[in-house]
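Here is the structure we will look at, set down as structure tokens.
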Amino acid sequence: MTRSLLWQMVIVLGAILMVNYVLTTLTPQTQEPVVDVSYSRFKTELAADNVAAITFEGNNVVGNLRERTILNRVEGTEEVQSFLRFRTTMPPVTDTRLLDDLEQRKVDVKVRPESKPSPWATAMIYMLPWLLIVGVWWFVIKGMRTRQGPGGGMMGGFSKSGAKMYTKERSRVTFADVAGLDEAKQELMEIIEFLRNPKKFMRLGAKAPRGVLLVGPPGTGKTLMARAVAGEAEVPFFTISASQFIEMFVGVGASRVRDLFNNAKKNAPSIIFIDELDAVGRSRGTGLGGGNDEREQTLNQLLSEMDGFEAHDEVIVMSATNRPDVLDPALLRPGRFDRQVTVERPDWRAREEILKVHTRQVPIDEDVDLQIIARSTPGMCGADLENLVNEAALIAARENAQKVTMQHFEQAKDRVLMGTERKLVMSQQEKRITAYHEAGHTLLARLSPGADPIHKVSIIPRGQALGVTQQLPVDDRYHYSRSYLMTRIAVSLGGRAAEKAIFEEYSTGAQNDLKQATDLAEKMVCQWGMSERVGPMSINRGEEHPFLGRKLASDNAFSQHMAWIIDQEIEKVVKAGEQAADEIIANHLPVLKKLADALLEEEVLDRTRVDEVLRETGIEVQDDPAAHPDGDHVLQGELAGGAVEG
């Protein structure tokens with residue numbers, strides 16, 4: 001039962017009780033109450049000539065006395081109970097003298113027929129509880145149908161897929177709203193063209209792909225691309241989330257898959273879009289419990305519908321996932337998902353186009369340069385950029401500004417990349433520790449060859465960090481050398497080295513730095529073959545989660561001796577980074593103190609101010625950072641700039 005329906009019933013019941021209370025309490029009681037007495041008491045009052053009138057109703061006698069008479073006394077008090085009207089029951093033995101006594105004492109005698117309930121009324125009394133139960137049940141069913149909508153309701157609606165159908169008029173998103181995904185748009189436009197004009201392809205013997213799988217990290221625009229296809233295609237577009245197939249009853253998932261494809265076939269040519277495919281498409285044969293069996297039944301039905309005995313060339317299936325590694329191999333074979341369209345993070349040119357799309361409805365000032373913003377946000381995907389524009393607009397609205405300026409975008413970027421500024425009260429000693437910690441990161445980042453340029457360093461608490469040193473590469477990186485990675489590790493440990501040099505002890509502020517350095521060293525040794533002792537090997541160590549659909553338990557594909565070697569090599573890499581950080585800090589202690597003093601005074605330093613401080617101490621810095629090589633994309637944006645938290 002829905003909450004609104006329940007409240008309606010409570011209100012109606014409360015109104016009925018209120019009306020009954022008003023009628024019973026506020027209505028004046030003018031009639032004398034009737035008191036039940038014994039037949040002997042009735043005869044006694046009759047003998048005393050105190051009965052004025054009586055009425056016979058079957059075996060019952062109701063009468064009035066001439067004078068009020070005491071009924072009884074309350075023990076222990078002076079209070080008495082009296083009555084004027086009475087009621088009694090005739091005995092089963094006939095009293096032959098009663099009528100003579102009544103006539104002799106001139107008692108007004110009336111006779112009424114005994115009232116018997118109507119058969120219909122009796123039937124209604126017995127049926128009323130059942131009618132109430134049926135009525136409540138009907139309200140419950142109606143409420144569930146209203147709440148769940150099409151495909152919901154009770155038993156009959158569980159087999160409905162619940163997919164929403166979009167037409168060109170209903171979907172307002174087109175490819176013009178999708179920027180930076182030219183390759184993916186080209187792949188999908190070919191499919192849309194096939195549905196619009198199939199003869200163009202069929203005359204050459206070409207067949208449309210049965211399925212298209214959109215693969216990419218979260219936030220890169222996979223679902224947005226599907227919305228654009230719905231807006232561009234001149235055919236019905238059915239959309240559903242894969243999690244909607246699974247229900248509390250066994251067999252519902254397979255039934256909903258059949259219903260979805262039946263609706264698509266009735267409206268062919270059409271497109272089906274299944275979002276988050278990994279919810280039902282995980283590899284079969286693993287997992288425990290009935291829920292896993294239900295998911296496998298749903299997956300089997302999906303496989304059969306996509307490429308079974310019945311052909312459906314005019315129904316194309318699209319899907320999106322960010323976990324293609326856990327999908328069942330049968331889903332990815334030709335004939336089902338023929339094409340896998342990779343939706344990657346955009347480069348700076350694509351980011352500029354995405355910013356243009358998201359700023360269409362935002363009044364921006366003339367000083368806003370979207371190209372500068374795009375270049376200063378490496379690694380950001382479409383969702384991140386949309387959030388960046390929204391944050392800038394919120395900041396401008398908070399300041400009652402008429403337009404969004406470049407300063408608002410800078411504040412929004414700091415909020416997104418470094419976290420929300422916190423009003424945390426810190427002691428002077430803790431501020432000094434934070435300042436030297438961030439100065440250590442900054443000094444390592446500015447003096448280490450090949451390091452990413454400093455964008456901003458702050459000792460204002462943001463997010464969960466007490467201070468942040470932000471580095472941004474000049475351009476997007478797709479290839480990382482060993483020397484660059486070693487520099488990243490050294491920069492991560494620069495804050496810890498500064499604390500040791502100044503305060504001669506370590507603090508807990510380097511917790512996140514140590515984690516970053518260790519994770520990076522582990523990837524260098526285990527995945528990228530950058531260890532001479534381990535060699536050119538790729539070793540899965542602590543990455544795979546066995547319960548994601550691949551295995552029932554984790555196992556190591558290497559010996560205990562190799563595990564010991566890996567630990568030694570990871571420690572060696574981290575120690576090398578620590579040694580490099582210690583050397584740079586030890587050789588530039590005056591510069592470190594100068595940077596820390598500037599941070600304590602100004603709290604936030606940008607790259608220009610950092611370079612000014614370095615020049616004041618006699619260190620010449622290059623304006624143009626070391627160039628980095630281009631090549632294959634290795635880290636997929638994971639190291640494309642970042643913030644070192646103190």
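Each Cβ is built from the backbone N, Cα and C atoms, and glycine gets one as well.
When pLDDT values are averaged over the topological domain 'Cytoplasmic' (1-4), the model yields 56. According to Swiss-Prot, the topological domain 'Cytoplasmic' annotation covers 1-4 (among others).
As annotated by Swiss-Prot, transmembrane segment applies to 5-25 (among others), with the evidence given as sequence analysis.
The feature topological domain 'Periplasmic' is assigned by Swiss-Prot to 26-120, with sequence analysis given as support.
Per Swiss-Prot, transmembrane segment is recorded for 121-141 (among others).
Marked as topological domain 'Cytoplasmic' by Swiss-Prot: 142-646 (among others).
Note on K222 (ATP binding site): other Cβ atoms within 10 Å of its Cβ, all shown chains, come to 25. The ATP binding site annotation in Swiss-Prot covers G216, P217, P218, G219, T220, G221, K222, T223.
Classification of D513 (Zn(2+) binding site) by DSSP places it within a helix. What Swiss-Prot records for H437, H441, D513 is Zn(2+) binding site, and it gives sequence analysis as the kind of evidence.
Residues or ranges marked as active site in Swiss-Prot: E438. With a 10 A radius on its CB, E438 (active site) counts 29 other CB atoms from all the protein chains. According to DSSP, E438 (active site) is assigned to a helical segment.
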Among the binding-site residues listed here, G216, P217, P218, G219, G221, whose Cβ has the fewest other Cβ atoms inside 10 Å?
P218
What is the nearest of the recorded positions H437, E438, H441, D513 to T223 (ATP binding site), using the Cα of each?
D513
To the nearest whole angstrom, state the Cα distance for the pair H441 (Zn(2+) binding site) and P218 (ATP binding site).
30
So among H437, E438, D513, all listed as recorded positions, which is physically nearest to T220 (ATP binding site)? Use the C-alpha atoms.
D513
DSSP-assigned states of the topological domain 'Periplasmic' (26-120) in counts, ordered helix, strand, coil:
19 helix, 39 strand, 37 coil
In the structure shown, which of the binding-site residues T220, T223 has the fewest Cβ neighbours within 10 Å?
T223
Could you round the CA separation between P217 (ATP binding site) and D513 (Zn(2+) binding site) to a whole angstrom and send it over?
25
